[in-house]
Amino acid sequence: MSDSVAGRVPAPAVRHPTWWDRLRINRNWLGFWFMAPAAAILILFLAFPLGKGVWLSFTDAKIGRAGSFIGLENYEWLGLPWWRDSDGVFWLSVFNTLVYTIVASIVKFAVGLYLAILLNQNLPFKAAIRSIVLIPFVVPTVLSAIAFWWIFDSQFSIISWSLRHLGIIDYNINFLGDPNNARASLIFANIWRGVPFIAITLLAGLQTVSPSLYEAATLDGASKWQNFRFVTFPLLTPIIAVVMTFSVLFTFTDFQLIWAMTRGGPVNSTHLMATLSYQRAILAGNLGEGAAIATAMVPFLLFAIMVSWFGLQSRKWQQGGEDS
Amino acid sequence: MASVEIRDVRKAFGSTQVIHGVNIEIEDGEFVILVGPSGCGKSTLLRMIAGLENISGGEVRIGDRVVNDVPPKERDIAMVFQNYALYPHMTVADNMAFSMKLRNAPKPEIEQRVSKAAGILGLEKLLDRYPRQLSGGQRQRVAMGRAIVRDPQVFLFDEPLSNLDAKLRVQMRTEIKELHQRLKTTTVYVTHDQIEAMTMADKIVVMHDGIVEQMGAPLELYDRPANLFVAGFIGSPSMNFVKGKIRAGAQPSFEADTGGVYPLNTAPAGSDGMPVVYGIRPEHFQLADNGLSAEVVVVEPTGSETQVVAKIGTQELVCIFRERITAKPGETIRIAPDPNLVHVFDAQSGARIS
């Protein structure tokens, strides 16, 4: 562009802003001012308790006693799995948490995606079915946990009852009394609760895909499966990354369902890190030790967040240009 | 390449019939434009040719094959969508190669065809970009590239220029026409813009309410519209219509209900007193001292021509003159319709009389 100003109407002189003006109206500062209240709330109610929790894990605080700094002693008690004197229950809870999170998340994703695709079709009573799908998500966790508690009850289980009357089994299944059965039952209950969130979110994602893309792909010769493989799935990956991050975090830190159904039993086989931490800190009163267990969850959660962070970083095709 | 034949094609969505028996013959290599107001069924007809909509009745042939029950991918057609429908997660090259990849075409062939299409459309430098990084015109070109790569029997365009700004639209119009002259692929093009239809088509099909109103070469439609609808739809600004009666005799004329007597060259026998609609295009008025006196309402100079809205009696008429008009609103000018270029339509049926 040329610097020529010939023929232009001259602009009037402008008063230069003072530093005070800048603080008030500069876009960057303005952004800071608008952000400040939210930041203050986050620091007060999120960062502070988190810091306090981590600090507690370095003390020998008990309920009713302030405790003093003992360094990493609480963590030394937990130990590492190959140490002879490591805390076996703690490492069992780590194992349980990983199994619980991985199995439940994978199944929830598969079932959720399947349901979302199903609900995206032109079904009769579509609206009604969509709301029904949401029910497990709407029911309070404790309520559904109690329902599952009954469903899995050793004497009155409806599943055992039905199977017995169908002549498939002779004895009631010991759902919550056997370690592996208990784990499977809890994972099932968690899946039941978690699927709607994933299904509805993915459904929302599916509905943002323009139908003309499917038409174009169909004309290009794509079969139904190829439509899904080359159009639907790639376009859904950003939302899958978000929803699965949330799902993994919520599952990993699950507490209510376990506590209402098994309280970590039988023989600690369903203790997750969250329930064990609560048991040690609040019920047993060893705040420092409980805090150490809770803090030990942080690396796992950070890892999950990092995975999704790098997976989430907007893909190349999402960048640049205005929206079409 | 192939011809396309549409025979008595009907379409109903549930109990509402939207296309009531349409017959169109499209010759091999022809550029045919379906034009009409929105809701006239032109897009539906195009989608039926593509196979995206079922055909409720009648027959569609591509080449000498009836395609009513042939799935879209086997019809050997390519379509350019209004919103381009580019795959956002694929680069320009991948977008263009997608159909061939699905067919498991050998890699060198894919590359060769993509680079050829890119060459035709000037997309060579954009092959690694994603659709979001392109401007509207570039996306439009990629959409066409995707069609060219397939080397189909028929190109289908569904309002491809509607999402572009006015200037780019004119440019792309020329490009599409050039492309057709070069590839000579049979093309069916849907638009609601009659200027696009006039400038690009070999043959225009004017549709309205699910039927074909008229079919023919652009200037044929312009010069001899078959009915009031086509007369009003083709041409911009549109034709002036004046209601009135024919006065036959040695020197026939037209007497407007709104006042004024307009010139006529001929009147059909026994048409004296017949109620008709007198149609005259804005550009067929001349300034003449012996013309009808008209009161100027609005003057709109565009530089190359001047558009004047003038009133004869109570009838407002749009006139376009090559000369510059200095008249002010309220003043009187004398204008004369060219009697050789006047259209007369039956007031009742709307059909052309002369």
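Residue numbers in this text run from 1 along the chain shown.
Just so you know, glycine gets a Cβ as well, placed from its N, Cα and C.
Quick caveat, the model's predicted, so the values are computed rather than measured.
Under the heading domain 'ABC transmembrane type-1', TrEMBL lists A:94-310.
If you look up TrEMBL, you'll see A:29-48 (among others) marked as transmembrane segment.
TrEMBL lists A:89-119 (among others) with the feature transmembrane segment. Only residues 6 or more beyond the boundaries of the transmembrane segment (A:89-119), in the same chain, are considered here, and those with a CB under 8 A from a CB of the stretch are 78, 81, 126, 129-130, 133, 183, 186-187, 190-191, 194-203, 205-206, 228, 232, 240, 243-244, 247-248, 251-252, 254, 264, 268-276, 293, 296-297, 300.
Annotated transmembrane segment per TrEMBL: A:131-152 (among others), in sequence order. Sequence-remote contacts of a segment are chain residues at least 6 beyond its ends whose Cβ falls under 8 Å from one of its Cβ atoms, and for the transmembrane segment (A:131-152) they are 115, 119, 158-159, 175-176, 185, 189, 192-193, 195-197, 199-200, 256-257, 260-261.
Annotation source TrEMBL lists transmembrane segment at A:191-209 (among others). Beyond the ends of the transmembrane segment (A:191-209), by six or more residues, the same chain brings 104, 107-109, 111-113, 115-117, 119-120, 130, 133-137, 141, 144, 148, 231-232, 235-236, 239-240, 242-244, 246-247, 250-251, 257 to within a C-beta distance below 8 angstroms of the stretch.
Taken from TrEMBL, the feature transmembrane segment covers A:230-252 (among others). Note on the transmembrane segment (A:230-252): residues 97, 100-101, 104-105, 108-109, 112-113, 117, 190, 194, 197-198, 201-202, 204-206, 209, 213-214, 217, 222, 297, 300-301, 304-305, 308, 311-312, 314-315, 318 of its chain, located 6 or more positions outside it, place their CB under 8 angstroms from a CB of the stretch.
According to TrEMBL, the feature transmembrane segment maps to A:291-312 (among others).
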Beyond the flanks of the transmembrane segment (A:29-48) by 6 or more, those residues with Cβ under 8 Å of it: 22-23
